[in-house]
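Visitor: What follows is a single structure, and I will ask about it in a moment.
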Amino acid sequence: MPYDSVYSEKRPPGTLRTAWRKFYSDAPAMVGLYGCAGLALLCIFGGWIAPYGIDQQFLGYQLLPPSWSRYGEVSFFLGTDDLGRDVLSRLLSGAAPTVGGAFIVTLAATLCGLVLGVVAGATHGLRSAVLNHILDTLLSIPSLLLAIIVVAFAGPHLSHAMFAVWLALLPRMVRSVYSMVHDELEKEYVIAARLDGATTLNILWFAILPNITAGLVTEITRALSMAILDIAALGFLDLGAQLPSPEWGAMLGDALELIYVAPWTVMLPGAAITLSVLLVNLLGDGIRRAIIAGVE
């Protein structure tokens, strides 16, 4: 047999490799990945790398502008607030209650919503109809308004705000998973799997979940963005984290009256919140596009 007639078989790249190639070549997605990794590191080590304590006050250095300003000091890179506290230290320490708290809330809402949504999507009849009406009722209430109502009864505290945001995100997550599972169950490949003898659990695990991953990632990133904004909004309204907590929303609300005197005390926490939400959305969109490319 001649050797030149033997060819090596080329294996097509797998789903994960295709998805990673798509994700790696997407510049906004990589920006979101590195940015979210930086936020995660700040949530863990932000309090340790802060140059000063969150409540450490410096007499005679109140309302000091950032270091690049004419009257700024290098020792206080982002300036100080009205009590002489270092703004950079408070921003670094405030990543944990704002972004870290939002991540915990989103993770809990995702796990509970995934279980309830899959169970609701796989059932039919009266139970599905009752759950559908309950979810529609809860979804008619804005998430921030629902969180404010819960905090009004429980009292202002960061843990109460996190519970309120979780309670506001849960119906949206359940509804999204329910709709995706219900739509997938009506497709032909699920009917073919049932005729082939597959159980409901196998269909949900091996057929439904891989096909709703892209939509689920979109909902998770949307929920994380909403959680960051809602926790910051409750802190801004003095219903969440209480002063002297360095939570970004509480910092923003405390410095609001200084917007004309010391605008950096308002702009920097607001910029941190905006940048966090932007990075989360960039990462989520990149993951969704990569998953769709890998599945296709």
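Here the Cβ of each residue, glycine as well, is placed from N, Cα and C on the backbone.
Not my notes, these are from Swiss-Prot:
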- 1-28: topological domain 'Cytoplasmic' (TOPO_DOM)
- 29-49: transmembrane segment (TRANSMEM)
- 50-98: topological domain 'Periplasmic' (TOPO_DOM)
- 99-119: transmembrane segment (TRANSMEM)
- 99-284: domain 'ABC transmembrane type-1' (DOMAIN)
- 120-133: topological domain 'Cytoplasmic' (TOPO_DOM)
- 134-154: transmembrane segment (TRANSMEM)
- 155-196: topological domain 'Periplasmic' (TOPO_DOM)
- 197-217: transmembrane segment (TRANSMEM)
- 218-222: topological domain 'Cytoplasmic' (TOPO_DOM)
- 223-243: transmembrane segment (TRANSMEM)
- 244-257: topological domain 'Periplasmic' (TOPO_DOM)
- 258-278: transmembrane segment (TRANSMEM)
- 279-296: topological domain 'Cytoplasmic' (TOPO_DOM)
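Tell me what's around each of these sites.
Guide: Across the residues of the topological domain 'Cytoplasmic' (1-28), the predicted structure has a mean pLDDT of 69.
With a cut-off of 8 Å between Cβ atoms, the residues of this chain six or more beyond the transmembrane segment (29-49) that come close are 23, 92-96, 99-100, 103, 275-276, 279-287, 289-290.
Sequence-distant contacts of the transmembrane segment (99-119) (same chain, at least 6 residues past either end, Cβ-Cβ under 8 Å): 39, 42-43, 158, 161-162, 165-166, 169-170, 172-178, 180-181, 204, 208, 216, 220, 223-224, 227-228, 231, 276.
For the topological domain 'Cytoplasmic' (120-133), the list of distant contacts is 174, 177-182, 185, 200, 204: same-chain residues at least six beyond its ends, Cβ to Cβ under 8 Å.
Residues 114, 118, 122, 176-177, 180-181, 184-185, 189-190, 284, 287-288, 291-292, 295 of the same chain lie 6 or more positions beyond the ends of the transmembrane segment (197-217) yet place their CB under 8 Å from a CB of it.
Beyond its flanks by at least six residues, the topological domain 'Cytoplasmic' (218-222) meets 106, 110, 172-173, 176-177, 280-281, 283-285, 287-288 of its own chain at Cβ-Cβ distances under 8 Å.
Counting residues per DSSP class in helix, strand and coil order gives 9 helix, 0 strand, 5 coil for the topological domain 'Periplasmic' (244-257).
Distant neighbours of the transmembrane segment (258-278): 35, 39, 63, 65-66, 78-79, 81-82, 87, 91, 94-95, 98-99, 225, 228-229, 232, 248-249, 251-252; these residues of the same chain sit at least 6 beyond its ends, with a Cβ under 8 Å from one of its Cβ atoms.
Listed as Cβ neighbours of the topological domain 'Cytoplasmic' (279-296) (distance under 8 Å, sequence separation of 6 or more from its ends, same chain) are residues 15-16, 18-20, 22-23, 26, 28-33, 35-36, 39, 210-211, 213-215, 217-218, 220-222, 224-225, 228.
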Visitor: Could you give me three numbers for the topological domain 'Cytoplasmic' (218-222), the DSSP helix, strand and coil residue counts?
Guide: 5 helix, 0 strand, 0 coil
